[in-house]
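Asks: Pasting a structure below so you can have a look.
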Amino acid sequence: MIEAADAHDFPKLWLVRHGETVWSKNHQYTGLTDLELTEDGVQQAVAAGRKLSGVKFSSVLTSPLKRARRTAELAGFPDAEVVPYAHEWDYGDYEGQRSVDIRKKDPSYLIWTHGVVRGETLQQVSDRADHVIAKVLDTPDAALFSGSQQNSPSLRQRNVLLVAHGHFLRVLAARWLQLEPIEGRRFVLETAAVCNLGWDKKTPAVTGWNI
């Protein structure tokens with residue numbers, strides 16, 4: 001019989017949002033548009049690496065988009081594994097737009113409740129986030145929140161780092177906590193911020209945010 005793992009034995013998922021780009025600086029929706037970091041973004045990425053310098057990672061993952069891959073490289077992880085499904089929300093027709101401008105036409109607009117036109121749904125973003133969590137926990141997606149993953153022999157203590165994007169990481173944080181993806185709206189995430197998702201006893205928890 002496999003005994004349930006102690007919380008200290010569970011994997012911890014570290015998150016880094018990519019450094020600043022011109023569009024993120026201007027608060028434009030930046031989904032699949034493949035932008036470079038600004039000079040400030042480069043410095044932010046280097047600073048994030050310093051914050052992570054004392055952590056030993058068993059694996060480092062990154063979005064396929066170059067702003068994330070470059071952030072990983074500058075933070076000291078040039079060999080990060082590219083995870084194709086860890087990209088940012090596909091904003092469709094809202095790509096490059098600002099929410100403040102969209103609200104001039106519809107004052108009630110919020111991306112979390114209204115979604116985007118001809119892009120991904122929030123549920124599709126959530127499904128991709130679940131895939132990442134399943135990869136980190138080394139368990140099938142269907143077992144993520146059933147409790148059965150806590151009895152898995154593959155569930156062992158390790159630190160995993162993911163470098164990705166604002167909306168995607170906010171949804172992922174909500175899903176780690178076993179919340180609906182819309183609750184990602186409660187997690188404000190700065191550029192190049194370092195965060196940590198871990199456990200309180202055997203309950204998934206946020207153990208560090210915007211570090």
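Every residue number used here counts from 1 along the chain in the order it is shown.
Just so it is clear, glycine is given a Cβ too, placed from its N, Cα and C backbone atoms.
As annotated by TrEMBL, substrate binding site applies to Thr30, Gly31, Arg67.
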Asks: Taking the centroid of the Cβ atoms of Thr30, Gly31, Arg67 (substrate site), which other same-chain residues have Cβ within 8 Å of it?
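Replies: Result: Thr21, Trp23, Ser24, Tyr29, Leu32, Thr33, Asp34, Leu35, Leu65, Glu88, His165.
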Asks: Using all protein chains in view, find how many other C-beta atoms are within 10 Å of the C-beta of Thr30 (substrate binding site).
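Replies: I get 24 for this one.
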Asks: What whole-number value in Å do you get for the largest C-alpha pair distance within Thr30, Gly31, Arg67, the residues recorded as binding substrate?
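Replies: For the residues that bind substrate, the greatest Cα distance is 11 Å.
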Asks: Reduce the DSSP letter at Thr30 (substrate binding site) to three states and note it down.
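Replies: DSSP call for Thr30 (substrate binding site): coil, neither helix nor strand.
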Asks: Below 8 Å Cβ to Cβ and six or more residues apart, same chain only. Which residues does that give for Gly31 (substrate binding site)?
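Replies: The list for Gly31 (substrate binding site) reads His87, Glu88, Trp89, Asp90, Tyr91, Gly92, Glu95, Gly119, given in order along the sequence.
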Asks: Does anything in the same chain, at least 6 positions from Arg67 (substrate binding site), have a Cβ under 8 Å from its Cβ, and if so what?
Replies: His18, Gly19, Thr21, Thr30, Asp34, Leu35, Glu36, Leu37, Gly41
